[in-house]
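Colleague: Before we start, here is the structure in question, set down as structure tokens.
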Amino acid sequence: MTLLWSRADLLAATSGRFPSSTSSDIAGTGVSIDTRTLRPGDVFIALRGERSNGHEHVAAALHAGAGAVVVHEPCGVDDPRILHVADTLDALRDMARFARARFAGRMVGVTGSVGKTSVKDMLRHALQACGPTHYAVASYNNHWGVPLTLARLPASAAYCVCEIGMNHVGEILPLARMVRPDVAVITTVASSHLGLMGSMDAIAREKAEILCALPAGGTGIIPDGITGETHFIHNAAQAGATLWRVGQSKDCPVYATGLEHDAQGSGFEMHLPHWQGKVRVNAPGRHMAGNAMLALAAAHACGADMDRAVAGLATFAPGAGRGAIARVMQDKVALLDESYNASPDSVRAALDLLGLVATGRRIAVLGDMLELGTFARHEHQALLPAVCANADIVFCCGPNMKTLFDTLPSSLQGGWTPESEQLAPMVRAALRAGDTVMVKGSHGSRMGHVVATLRMDDARVGQA
Ligand SMILES: Nc1ncnc2c1ncn2[C@@H]1O[C@H](COP(=O)(O)OP(=O)(O)OP(=O)(O)O)[C@@H](O)[C@H]1O
Ligand SMILES: [Mg+2]
């Protein structure tokens with residue numbers, strides 16, 4: 001295990017205090033905020049959350065072999081590994097800034113309404129083929145996820161990919177200033193969180209803030225035709241950064257030609273400022289091809305060897321709940337698992353994907369899209385054309401999806417229930433051999449129940 005945090009670095013980063021008895025052999029080989037996943041040698045940071053308090057788990061962290069434990073409340077434990085700070089969340093942020101400052105590789109920040117994790121994962125596959133790459137775990141993109149990712153960044157890495165998220169105005173800039181990206185990618189501006197943000201222009205303005213954290217000479221990357229493009233142009237110019245539009249027109253600095261989509265993925269010819277070549281993406285869907293173009297543009301802006309990056313990208317596969325396809329119900333039915341989350345754009349992308357991959361009947365199972373506030377009714381009903389174009393039978397659950405369900409032609413109406421628990425057996429009973437079923441909904445709509453019910457037989461086989 002390589003040393004990530006020495007005693008001296010922890011003290012310098014946090015201005016904290018170890019007990020006077022502490023010897024110099026504090027050695028942090030990782031950083032943890034959760035004792036359930038803590039590995040021996042991790043620096044455990046006792047964060048206080050709304051529902052949990054890490055200070056209650058200090059003894060467990062020490063017992064599990066934490067290299068050091070960072071606290072700001074008395075926790076009734078005396079141990080030379082305990083580092084006292086004024087505030088543990090601030091200490092995590094301080095560690096993030098310290099780790100960022102000693103990192104000499106290329107830093108990428110990815111933000112956007114949808115597709116952040118997909119682009120981040122595509123990019124890290126591409127970069128890992130070129131050099132040691134550190135990246136955000138899962139969707140670690142918020143006020144603790146971003147600093148945790150940075151605090152874990154080894155100084156020796158060649159590349160780092162951070163995901164930066166937001167629900168409210170003003171969240172992007174402080175996180176972006178901590179990340180200090182050399183390359184900033186904005187995946188999409190779409191109506192996710194529209195209820196909290198108020199307007200599409202406000203969403204675009206907020207996403208464009210990431211460009212304010214670029215250095216002069218840095219690179220911003222946006223998809224061609226992005227909503228609120230003027231905000232991106234303005235902020236990139238203010239930062240003295242170059243802005244690359246990525247699209248399918250030769251007018252874009254980065255563009256793709258010869259796009260072909262099939263049930264396994266997409267292929268295209270990529271044209272970058274100093275490189276051109278064939279690309280294969282093993283994740284189906286037009287949106288995944290678009291994500292891949294952004295990821296490759298970012299790899300190029302990092303100075304990566306593009307032949308290697310393209311080979312690395314080919315090893316990317318969609319994650320659970322983000323478009324992974326499985327055979328279920330004794331191999332009779334194809335399940336397109338999109339249950340991780342939903343927003344208007346990602347539901348459209350998933351419906352498009354259903355139309356692309358299905359060979360038999362196309363079944364859409366849709367749960368409510370949340371956080372749309374007063375726009376909810378309109379945004380749900382506006383899915384009608386995409387649903388009619390890509391599904392033969394539609395099952396819905398939740399009060400918002402009821403408004404869509406009621407406007408469907410009766411031939412498409414499979415069934416509606418208030419909760420996903422009731423919908424799951426209904427969907428299962430309706431499926432026939434050769435069907436393709438796509439399940440999608442916001443995390444809070446708990447569409448995972450439907451996926452679990454469809455996977456029931458397969459899970460039993462797995463356990464046998
Ligand atoms: N460019 C895109 N356009 C529309 N939908 C997309 C796009 N990229 C990914 N998706 C879909 O959106 C959903 C979320 O994808 P992903 O996890 O990559 O987004 P995210 O921005 O990281 O989300 P979160 O804010 O929850 O972290 C998935 O269902 C995925 O298939
Ligand atoms: Mg994410």
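Cβ from N, Cα, C; glycine included.
From TrEMBL, for reference:
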type    : residues                                               : note
BINDING : Gly112, Ser113, Val114, Gly115, Lys116, Thr117, Ser118 : ATP binding site
DOMAIN  : 29-75                                                  : domain 'Mur ligase N-terminal catalytic'
DOMAIN  : 110-299                                                : domain 'Mur ligase central'
DOMAIN  : 333-442                                                : domain 'Mur ligase C-terminal'
Colleague: Kindly report the helix/strand/coil residue split of the domain 'Mur ligase N-terminal catalytic' (29-75) according to DSSP, in that order.
Modeller: 10 helix, 13 strand, 24 coil
Colleague: Can you break down the domain 'Mur ligase C-terminal' (333-442) into helix, strand and coil residue counts using DSSP?
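Modeller: So the domain 'Mur ligase C-terminal' (333-442) is made up of 51 helix, 27 strand, 32 coil.
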Colleague: Just jot down the residues in the same chain as Gly115 (ATP binding site), at least 6 apart in sequence, with C-beta under 8 A of its C-beta; none if empty.
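Modeller: Listed in sequence order: Thr187, Thr188, His287, Gly290, Asn291, Leu294, Ser346.
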Colleague: When you measure from the Cβ of Lys116 (ATP binding site), which residues in the chain that are at least 6 apart have a Cβ under 8 Å away?
Modeller: Val110, Ser139, Asn141, Glu163, Ile164, Gly165, Thr187
Colleague: Of Ser113, Thr117, Ser118, the binding-site residues given in the record, which has the fewest other CB atoms within 10 A of its CB?
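Modeller: So among Ser113, Thr117, Ser118, the binding-site residues given, the one with the fewest Cβ atoms within 10 Å is Thr117.
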Colleague: Under 8 Å Cβ-Cβ from Val114 (ATP binding site), six or more apart in the same chain: what's there?
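Modeller: Expected: Thr187, Thr188, Ala190, Ser192, Ser343, Asp345, Ser346, Ala349.
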Colleague: Under DSSP, is Ser113 (ATP binding site) helix, strand or coil?
Modeller: coil
Colleague: Tell me the Cβ contacts of Gly112 (ATP binding site) under 8 Å, same chain only and six or more apart in sequence, or just say none.
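Modeller: Listed in sequence order, they are Val119, Val185, Ile186, Thr187, Thr188, Val189, Lys207.
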Colleague: Relative to the mean position of the Cβ atoms of Gly112, Ser113, Val114, Gly115, Lys116, Thr117, Ser118, the recorded ATP site, which additional same-chain residues have Cβ within 8 Å?
Modeller: Val110, Val119, Thr187, Thr188, Asn291
Colleague: As a test of reading the model: what is the averaged pLDDT for the domain 'Mur ligase N-terminal catalytic' (29-75)?
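Modeller: Reported value for the domain 'Mur ligase N-terminal catalytic' (29-75) is a mean pLDDT of 96.
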Colleague: What does DSSP call Ser118 (ATP binding site) in the simple three-state scheme?
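Modeller: It is helical.
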Colleague: Which binding-site residues among Gly112, Ser113, Val114, Gly115, Ser118 have CB under 6 Å of ligand 2?
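Modeller: Cβ under 6 Å from ligand 2: none.
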